[in-house]
Every structure is written in C-alpha cells, then in structure tokens.
C-alpha cells in the first residue's frame, strides 16, 4: 500500500509527456557518435591478402599437447580404431570372398586352412594374438559402454576400474585365443 501511494505522488507523473521526452532526447542525440560507413572495392587477391593478415592476429585455440593424456582418451580412441579395423577387415574379407572366384582364385575354408597349416607356429601365435586383440578389446569395451548405459560405474573410480578391467580381459582372452 505504501509503495502504491509513493508511486502516485511522484512528481514525474504530473509532468506532461512532452516535457518528459524532451530532455532525454536532447541529451542522447548530442552524445551519439556518428560514423559514416566506408566501403572499398577489393580484388580477389587483395581480399585474400587482407583476410590472411587478419588471421595472423587471431588468437590460437589450445592444442591437444597442453592437456595431460588420460586413460579415458586412449580407450576411447582405441575403441573407435578397433571398430574400424574389425569392420574394415570383415568387409575386405567379404569382398575378397565374392571377387576371388571371378579372378580365378579359391577362397574357401579348405584353402584357407591349408595356407594356415603351412605357416610355422612361431608366426601363428603372435599373428593370432594381433588378429584377436582388436576384436576382444572392442567387444569388452562395448560391454563397458553398455554397463555405462545402465548408469553404473560412471564415477571416476568406476570408469578407471572398468578401463583397466577391459585392458586386462582383452589381453588375457587374446592370449588364450592365440594359444588355441
């Protein structure tokens, strides 16, 4: 009630509208800085050189080298890389399987097992590890992501714990597959 009463008794309400607008209009128009717009016609090379000189003075964004590498970076990039490697290998083998008969080659299981039997064991074991590691890592890290989708293990400690578990399980299962 008091706020309404003091508002009604304000002296500015009793002035005519022309008096209220006149002083404000005069002072703001006097203080406005007017600048004419200058344009110039540039050739393409002049425009490119001006743009290049402006780019020199722009601030650079931070590079990845200023950040401390973390396990989560490595596992995320390795998950993407192994996904591409596994999918690329699958597609390459499928295309080879389809195109081989057209080129006069046989790419059936008997031929592949015959070729693998000719390879010495000291080459087969590391080769099987190298072949199986991307697949096992991608599978276990995919399971890790599915666990995260259930909102479990999302703490910093849980993320690192599951990351080390994925690495250990991938190495162990790849080693097992290499020894078979």
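Residue 1 is the first one shown; counting continues down the chain.
Keep in mind that glycine also has a Cβ here, set from the backbone N, Cα and C atoms.
Annotated topological domain 'Mitochondrial matrix' per Swiss-Prot: 1-82 (among others), in sequence order, evidence recorded as similarity to another entry. Looking only at the topological domain 'Mitochondrial matrix' (1-82), the predicted model's pLDDT averages out at 74.
Per Swiss-Prot, transmembrane segment is recorded for 83-103 (among others). Sequence-distant contacts of the transmembrane segment (83-103), counting only residues of its own chain at least 6 positions beyond either end whose CB sits under 8 Å from a CB of the stretch, comprise 134-135, 138.
Among the features that Swiss-Prot reports, topological domain 'Mitochondrial intermembrane' is placed at 104-122, with the record citing similarity to another entry. Applying DSSP to the topological domain 'Mitochondrial intermembrane' (104-122) sorts its residues as follows: 12 helix, 0 strand, 7 coil.
The annotation transmembrane segment is assigned in Swiss-Prot to 123-143 (among others).
Following the DSSP three-state reduction, the secondary structure of residue 138 (heme binding site) is helix. Marked as heme binding site by Swiss-Prot: 138.
Listed as Cβ neighbours of the topological domain 'Mitochondrial matrix' (144-159) (distance under 8 Å, sequence separation of 6 or more from its ends, same chain) are residues 72, 79, 165-166. Here Swiss-Prot flags 144-159 (among others) as topological domain 'Mitochondrial matrix', drawing on similarity to another entry.
The annotation transmembrane segment is assigned in Swiss-Prot to 160-180 (among others).
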Fill in the blank from the handout: Grouping DSSP H, G, I as helix and E, B as strand, the residues of the topological domain 'Mitochondrial matrix' (144-159) number 10 helix, 0 strand, 6 coil
Exercise for the section: May I ask for the residues of the chain that lie six or more residues beyond the transmembrane segment (160-180) and have a Cβ under 8 Å from a Cβ within it? Expected result: 71-72, 75, 125-126, 128-129, 132-133, 136-137, 140-141, 144, 147, 153
